[in-house]
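I have placed the structure first, in the form of structure tokens, so that the comments after it can refer back to it.
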Amino acid sequence: PPKADIDNENNNIHAILNGNLHEKVAKLYPVSSDQLFLVWVGVGLRLAYLRDYGQSALGFTLLMGALAMQWAVLCRGVFQTDMGQIFIGMESILGAERSALSAVISYGAFMGLASPLQALVLTFLHVPLQAALQHHTDNILQTVDRGGSISIHLFAAVFGVTASWGIMGDKNYSSKRLHTSKHSQILSMVGMVVMVIYMNSSSVTHEGSKVTLDGRPCPCDDRYRLAINTFLAVTTAVTVAFPVSSIVNTRRKFNFMDIQTGVLGGSVAVAAVAELSIQPIGAMVIGAATSIICILSKRILRPRIRQYVGVHDTACIGVSHGLGGLLGALVGVIMAATAPTPGTKESDYNMSYSYFKLYPARSPTTTSYAYQELVKDLAIEPGLGRSALTQAQVQLLAIAVTVVTAAVAGAFIGKMLSYIQQCKPFLYDC
């Protein structure tokens, strides 16, 4: 990009003299480091809970994460080309890291089922599908999914689980390969803690300080809400996960996998609505309810699905990331439908700039009288003038599109890989 071009004379001029030197890289680089730590360390250790797949979890997470990031820069750049060129900047790197996070999360569903080559093929095809879907939901539908519960976690879970089903086919997966050990469970627990800490912190955007037309700085109340709501939801999910794990265990003991599932589910769920005005009690209810539902689903629903449908999910991705993301997305639908227009007595946002930042499509159109009045006080961009009900319907549509796209793509690709593997002797004979 021009701001990284050594031949650009503006890069050698101080910002006061109208140069383009700025602090944006200094603000975005720590976020990039957090996301790298989340992808390579958090997810890698989280998937290392199986004794026989510890090295595979760490090694292939490192490999697939690196390949997914490089591939995602190009795939996401297709939707953001400038004069036919794909620029590599901090924004594109951050987006590529989030696409890689989705890819390595989905790997946890078919870990141990897919061969290394099959896993790489799934990752290679996962990235452009996820990039196209996120571009569609964020820029065309203009949904509110800042935490990536829909485009990252829900997509990864559905894609990974259906791909696992396609690869497995009629084969019976031996439970003897699912043994854990104390050391592997400890590593997995550390990975879960890393994921919870860094997952939502990377959702805080560093766009620089925007100002209103009269020079006053715009409020950043959405970031404060994100930090507070995430803290309350995650701590509540942890507190609830331990007693629920003990209750559902026949020996009344704590189970590390139950606790991980509940805590991750609560963290993923609140990511969808952490910046919204859900109030402290709402954040705690989301964390507690999601934790309980995810643990019960893991204990009751998951074994029955495996038995009757034949769906295998090695690291319980479908429950922790899939169900957690779905519950958070549904809460987002309710919040969109019940969020009154700013300025009304019922609105928690009052005449807040962050309301139109969170719901850009609800901003009035350029030619409307409402926009001309709002722009006098707030530096907002024109939108589509959507109503609260329309925005909620769009949020629901985004969930449906994500689930259907991920399910169809994952099942089709998994079946094709399974069919190709069965044709190996025929190909060798030819």
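A Cβ is built for glycine as well, from the same backbone N, Cα and C atoms used for every other residue.
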Range annotated as transmembrane segment in TrEMBL, from 147-165, 261-279:
147-165
Using a Cβ distance cut-off of under 8 Å, indicate which of 57-79, 100-127, 147-165, 224-244, 394-414 has the most pairs with the transmembrane segment (318-339).
147-165
Distant-in-sequence neighbours of the transmembrane segment (57-79), which means Cβ under 8 A and at least six residues beyond its ends:
39-40, 43-45, 47-48, 50, 86-88, 92-93, 95-97, 99-100, 103-104, 107, 111, 116, 119-120, 123-124, 126-128, 131-132, 135, 139
Of the listed stretches (100-127, 224-244, 280-297, 394-414), which one yields the highest count of Cβ-Cβ distances below 8 Å with the transmembrane segment (147-165)?
394-414
Same-chain residues near the transmembrane segment (280-297), Cβ under 8 Å, at least 6 residues beyond its ends:
228-230, 232-241, 244-245, 248, 258, 261-266, 268-270, 273-274, 319-320, 323-324, 327-328, 331
